[in-house]
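K.L.:
My questions all concern the structure below.
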Amino acid sequence: MNGFSHFNEEGRARMVDISDKSSTVRTAAAISSVHMKHDVYSRIKNREIGKGDVLAVAQVAGIMAAKQTSAIIPMCHPLSLSSVDISFGWEEKDSEAVLHIQASVKTKGSTGVEMEALTSASVCALTVYDMCKALDKGMVIGPTCLMEKTGGKNGDFKRDASEYKVEDQS
């Protein structure tokens with residue numbers, strides 16, 4: 001059926017059987033970003049946002065999101081994660097400030113952690129938006145993409161950082 005593994009012979013959704021796959025160390029790193037006004041950037045940096053420390057809350061939200069990925073993405077397997085690490089970097093431009101987010105996830109298991117890394121980076125960005133939306137509803141999230149993955153039978157993947165005009169944060 002189309003070469004998609006998440007469909008059975010009748011074309012209906014199914015969770016892929018991974019019981020025969022070997023358990024190996026698998027990693028993934030995903031990035032996202034939040035584009036905002038300079039005033040919002042300044043208030044985040046100076047911890048002047050009424051809801052609290054934006055980056056600390058976003059970091060915890062990203063970790064929690066990675067752990068809950070299988071609960072919100074239907075065909076994802078629940079995984080025992082070895083680690084989740086979130087890092088932030090700022091870029092100041094003439095017209096805006098950009099918060100760069102990288103989520104790195106690791107497991108030892110039978111399936112990869114790409115979706116956990118993507119979910120983590122996305123939820124970090126959404127949390128920043130939620131905490132700052134009173135100041136700037138025009139914030140833009142993205143791009144969000146997988147930057148790198150290791151382990152598994154399909155081998156490693158590393159995105160050229162210039163492919164989507166994203167900053168290399170690895």
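Even glycines carry a Cβ here, placed using N, Cα and C.
Okay, these came from Swiss-Prot:
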BINDING   MET75, CYS76, HIS77, MET115, GLU116  substrate binding site
ACT_SITE  ASP130  active site
K.L.:
Among the binding-site residues listed here, MET75, MET115, whose Cβ has the fewest other Cβ atoms inside 10 Å?
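P.N.:
So among MET75, MET115, the binding-site residues given, the one with the fewest Cβ atoms within 10 Å is MET75.
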K.L.:
For a quick check of packing: other C-beta atoms within 10 Å of the C-beta of CYS76 (substrate binding site), how many?
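P.N.:
The answer is 18 other Cβ atoms.
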K.L.:
Other than MET75, CYS76, HIS77, MET115, GLU116, which residues of the chain come within 8 Å of the substrate site, judged by Cβ distance to the Cβ centroid of those residues?
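P.N.:
Filtered neighbour residues, in order: THR69, SER70, ILE73, LEU79, THR111.
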K.L.:
On the three-state reduction of DSSP, what should I expect for MET75 (substrate binding site)?
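P.N.:
Note: MET75 (substrate binding site) is coil by DSSP, not helix or strand.
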K.L.:
Among all protein chains shown, how many Cβ atoms are found within 10 Å of the Cβ of HIS77 (substrate binding site), not counting that one?
P.N.:
15
K.L.:
Quick one: among the recorded positions GLU116, ASP130, which has the most Cβ atoms sitting within 10 Å of its own Cβ?
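P.N.:
The most densely surrounded of these recorded positions is GLU116.
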K.L.:
Three-state secondary structure of MET115 (substrate binding site) from DSSP?
P.N.:
helix
K.L.:
Compute all pairwise C-alpha distances among MET75, CYS76, HIS77, MET115, GLU116, the residues listed as binding substrate, and give the largest one in whole angstrom.
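P.N.:
Those residues reach a largest Cα separation of 12 Å.
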K.L.:
May I ask for the distance between MET115 (substrate binding site) and ASP130 (active site), taken between their Cα atoms and rounded to an integer number of Å?
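P.N.:
A Cα-Cα distance of 22 Å.
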K.L.:
Work out how many Å separate GLU116 (substrate binding site) and ASP130 (active site) at their Cα atoms, rounded off.
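P.N.:
The Cα atom of GLU116 (substrate binding site) is 21 Å away from the Cα atom of ASP130 (active site).
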